[in-house]
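Got a structure here, written out as structure tokens. Questions coming.
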């Protein structure tokens with residue numbers, strides 16, 4: 001967790017190595033994974049860089065490998081995962097081209113064989129089905145004049161008998177979807193002088209027409225035969241059929257020729273099947289070889305592309321025969337990078353060692369926050385909002401505990417939290433099985449946040465234990481309650497959590513609303529105070545001491561003067577026994593409303609507090625209250641005693657009465673609240689005004705100093721250093737920050753009430769399902785025990801399903817999103833800018849990660 005507190009310190013380094021060792025040095029840095037190259041040719045077009053041809057070559061090889069992968073996927077074969085290899089690009093490049101050419105030739109040959117086999121299948125279908133239709137038409141032709149045929153065959157019989165000597169036919173197969181359209185077009189084209197006969201084909205045939213994109217596709221086809229008179233219409237009918245994508249085949253009218261052709265087709269089909277099987281075996285063998293090599297080749301080609309991309313970011317000194325590169329290195333890994341460079345130079349056989357220099361720069365370093373499998377999910381929540389600035393306090397370190405705790409407050413139920421924790425734990429146990437393997441998007445998302453889910457469940461169970469709720473059932477964990485029939489047996493409180501008797505009282509909702517509302521405010525104020533303190537640590541880290549005095553201190557005083565005071569009063573009110581205010585058992589005081597107290601603190605800060613929280617000064621006798629006549633409440637109650645001229649004929653209101661207070665106020669509470677209010681109001685101008693003036697002074701001083709340096713160096717014409725300073729912009733920026741903080745302190749504190757609202761919703765929904773389904777129906781007493789058992793089983797199943805869908809899924813997601821909002825906005829806006837740049841070292845390990853993600 002210590003590494004997550006702040007990003008690691010980075011160092012910009014420059015290295016100079018001989019050109020001959022450039023490739024080897026960059027490769028070794030890629031294996032190390034601790035060096036982020038800085039582009040020294042940012043102004044140069046990609047097409048004008050030194051290694052553009054090599055990058056294009058790698059892109060072409062990767063395209064070929066993707067094509068091979070598509071072929072493997074079509075055959076339901078999985079390529080091997082990319083694995084590190086020391087093979088060179090020169091070694092595998094010809095192998096990739098040869099394999100791609102071999103696969104292309106095999107696929108082309110296989111497609112031709114498949115197309116030929118399909119044609120033979122269609123020819124066989126035409127011969128077999130055509131015999132039935134043609135025999136029917138010929139029979140009707142010979143018997144047409146001798147007898148009367150049924151009405152439905154009249155057209156065909158009349159046609160056949162009238163033109164039997166000139167009867168012709170065109171036969172083939174066509175896609176079933178186009179058959180009906182073809183029939184109508186032929187009828188119009190021949191003006192009814194042709195008869196369209198068809199029969200369904202039981203088996204699926206390949207569609208090899210160009211409309212399918214050239215790829216064979218199995219479709220349902222129909223056999224058809226068009227009968228016509230004379231040879232004049234043959235060409236017209238053939239053209240129409242071909243236009244609709246029909247495959248036309250020869251059909252001999254002579255029975256002997258037809259049988260002879262059918263036998264030849266069957267023989268050729270057997271030969272074609274044998275050749276297809278052999279070709280398929282050869283293709284599968286080549287694909288298996290491709291699958292076994294694909295991962296290694298992909299790694300090598302991608303690695304080489306990364307190396308040449310990195311070299312394109314370096315400068316090459318042609319005269320000195322060296323290449324110069326710059327990059328960011330974590331300070332703690334600097335020595336390791338130096339050792340790697342020296343090792344690479346020795347392997348390359350260089351006479352001179354690489355030159356490595358540390359560079360002082362004003363550039364902002366990248367943010368490098370090491371994570372492990374536990375912290376990855378929590379850091380991802382922060383990075384989704386924004387990457388921390390360099391050396392900025394990292395919210396991810398606090399999200400590991402704060403985020404699940406906020407979730408637990410809203411999802412507080414021991415039963416539901418335990419189920420969620422068990423689900424997260426189950427995902428954790430699948431690490432060895434699922435790590436490094438492609439997963440479904442939903443499964444991958446849950447698996448990536450497995451520790452977040454598990455901690456959410458643990459905190460949900462913990463808070464549910466405090467609420468004393470298990471699937472909306474109150475549990476008596478520590479023996480009987482001390483409350484019996486509304487009376488306290490002794491003064492010992494319930495050991496841990498809420499007394500279960502509260503779940504059975506009439507004012508249950510009122511009690512839990514008050515309790516959870518106050519808990520929400522306490523948690524919110526404490527978390528935001530942590531955020532303000534983190535801003536102090538950021539100012540100290542950046543040595544920005546003006547913000548320590550004129551930003552942190554005013555913010556801390558303003559926030560705690562109002563809301564910190566509110567939290568203190570909540571605890572004080574809880575700690576006070578209002579049935580025995582003086583501790584002697586003789587006095588009882590009404591518990592004041594904290595909301596009324598806070599409103600009066602702003603609206604009537606100087607008025608007497610009628611129901612004080614602390615520092616009570618109460619009087620029942622005007623004689624005793626006379627020294628306090630300057631208080632309005634005493635003056636009104638003791639007008640005569642205090643010398644009110646208009647009250648001479650009036651009597652004092654106060655009368656002594658045992659154990660009864662007539663007028664109360666608190667000078668201590670009034671003075672404290674007025675002091676806090678004044679401190680909060682004074683903090684606003686202190687937050688608004690000083691920083692812009694200090695920044696203007698610092699800029700003027702820095703500009704004067706830079707001008708003197710330019711004059712000493714003889715460069716008086718270059719007076720601009722850095723961005724121009726604008727006092728107006730600085731003032732507006734600080735004004736926006738002040739307004740956001742002041743208004744945000746109120747809105748953010750109110751926003752934490754969502755903890756109360758979501759917790760109440762979860763509790764009430766769980767209780768509703770329990771009472772309406774489980775208790776109201778399933779556990780309802782019946783005279784028939786069998787019926788009761790069946791009813792209980794079905795209602796329990798319904799209750800479990802509804803609870804799972806609504807509470808474990810929908811409420812879970814709702815609580816997660818609201819906790820994420822509190823983490824991102826209410827907490828992080830107190831100190832977090834999130835405009836950093838993530839550290840992206842040159843690392844060959846990314847090849848495997850990216851490939852697995854794809």
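Glycine residues also receive a Cβ, built from the backbone N, Cα and C atoms like all the rest.
Features from TrEMBL:
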type: COILED; residues: 58-123; note: coiled coil
type: TRANSMEM; residues: 401-428; note: transmembrane segment
type: TRANSMEM; residues: 449-467; note: transmembrane segment
type: TRANSMEM; residues: 519-537; note: transmembrane segment
type: TRANSMEM; residues: 549-572; note: transmembrane segment
type: TRANSMEM; residues: 672-694; note: transmembrane segment
type: TRANSMEM; residues: 786-810; note: transmembrane segment
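I'd like to know what surrounds each of these features in this structure.
If you look at the transmembrane segment (519-537), the same-chain residues 6 or more away from its ends with a CB under 8 A from one of its CBs are 393, 398, 402, 405-406, 409, 547-548, 551-552, 555-556, 559-560, 563-564, 566-567, 570-571, 745, 748-749, 751-756, 822, 826-832.
Counting same-chain residues at least six beyond the ends of the transmembrane segment (549-572), those with a Cβ under 8 angstroms from any Cβ of the stretch are 518, 521-522, 525-526, 528-529, 532-533, 535-536, 539, 594, 597-598, 613-614, 673, 676-677, 679-680, 683-684, 686-687, 690-691, 694, 741-742, 745, 749, 830.
Same-chain neighbours of the transmembrane segment (786-810): 413, 416, 419-420, 471, 762, 765-766, 769-770, 773-774, 777-780, counting only residues six or more beyond its ends whose CB sits under 8 Å from a CB of the stretch.
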Residues of the same chain, at least six outside the transmembrane segment (449-467), with any C-beta under 8 angstroms of its C-beta?
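Answer is 373-374, 376-378, 380-381, 400, 403-405, 407-409, 411-425, 427-428, 477, 496-498, 759, 763, 812, 816.
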Grab the pLDDT values for the coiled coil (58-123) and give me their mean, rounded.
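Looking only at the coiled coil (58-123), pLDDT averages out to 89.
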